[in-house]
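Q: Quick paste from TrEMBL:
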ACT_SITE  Lys35  active site, proton acceptor
ACT_SITE  Tyr244  active site, proton acceptor
BINDING   Arg130, Met292  substrate binding site
DOMAIN    223-345  domain 'Alanine racemase C-terminal'
MOD_RES   Lys35  N6-(pyridoxal phosphate)lysine
Amino acid sequence: MGTGHLQIDLDALVANWKALDAASGAQVETAATVKADGYGLGVGKVARALSRAGVNRFFIAVAEEGAAMREALGPSPEIFVYSGHMPGDSDMIGDLHLTPMLNSIEQLTRHFEALPGHPFGVQLDSGMNRLGLEPAEWAAARPIVEAQGPALLQSHLACADEPDSEMNRAQLQQFIEMTEGMNTPRSIAATGGILLGPDYHLEMTRPGIGLYGGAPFDDAHPVAHLSLPVIQTRDVEPGEPVGYGCTWTAEEPTRVATVSGGYADGIIRAMGNKAVLFDGDVPCPLVGRVSMDLLTIDITHLDHVPSHLDLLCEHQTVDDIADVAGTIGYEILTSLGARYARRYSGGQG
Ligand SMILES: *Cc1c(COP(=O)(O)O)cnc(C)c1O
């Protein structure tokens, strides 16, 4: 088999949800954000495992993601859509019974006209300036919204992964002011917000990245494990180059393993000449550029030729390789390619 093996540990996913649920506090509902195909790990398996573990409310980015969710979960769990109610969404929102988080006066109008009486939530902009009604718009819309009985009011923190940022407190304050006097459940905390402490938990939290083993949830169990098969090895003499552009040249006799996996599989090209793969506990440096389908790895120091080398393993997290590539764990996970042989373990409990 020429493809890499992506092993997804659903027990670790469930353990991460339980830990974030415990951190959210007993009175607070802990939902789950499963947008972008469950952060690249397969939304059907992810959502089913979380549902079995007791998650009743899920968040996706766009209504189109709702079909796979309903297929996985059946009719009862509540599914919120962050992008709200877009033109052309009404049938999907109605048929799949999705709950759009309405972001603007335009979306409120569209929703109330197309699907009167259908559940909805409202997203308020507390300072991130990305999605949601701003304070003045909200002041105008609030009486109509209150009359319709929203399911949820939410806002989103711009700097939740920076606990010392003044932005966090300011956004929380703004959100609390905007929702004063309403008895609708409120949510401002994703993974980072949960870790900021109880002031941020309100009535519901909605973690994403922490479930999948990513920062800022430092105590997360890793969920994705990626192992790449060695296709061929060769001995390279001093002065000989390796790979496209000849960006790496051997300084001493070097044994190079060519491994199946490349930027088409989400192994970000910026990792060239920087990343390491592991043979068990032993790091092996990536030499030369990342190709579309291949990596070249220095295994001179090994006393055997391994059948596989690991990119994601107990010694290397999604955030470790994100640092190497100059990105974040979110991008590593959501870039994991479609070519891997995916195997799921656990998640039955
Ligand atoms: C993606 C997203 C989340 C989840 O955030 P994490 O940092 O992955 O926990 C929560 N709320 C909104 C609005 C989002 O877009």
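Every residue, even glycine, has its Cβ placed from backbone N, Cα and C.
Annotations in TrEMBL come from automatic prediction, not curation.
Give me the local environment of each listed feature.
A: For the recorded site, Lys35 (active site, proton acceptor), the DSSP three-state label reads helix. Counted within 10 Å of its Cβ, the other Cβ atoms near Lys35 (active site, proton acceptor) come to 18, all protein chains included.
Around Tyr244 (active site, proton acceptor), taking its Cβ as the centre, 14 other Cβ atoms fall within 10 Å, counting all chains.
Other Cβ atoms within 10 Å of the Cβ of Arg130 (substrate binding site), summed over all protein chains shown, number 10.
Here the domain 'Alanine racemase C-terminal' (223-345) is broken down by DSSP into helix, strand and coil counts: 24 helix, 50 strand, 49 coil.
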Q: I'd like the number of other C-beta atoms within 10 A of the C-beta of Met292 (substrate binding site), please.
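A: The answer is 12.
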Q: DSSP on Arg130 (substrate binding site), three-state: which is it?
A: coil
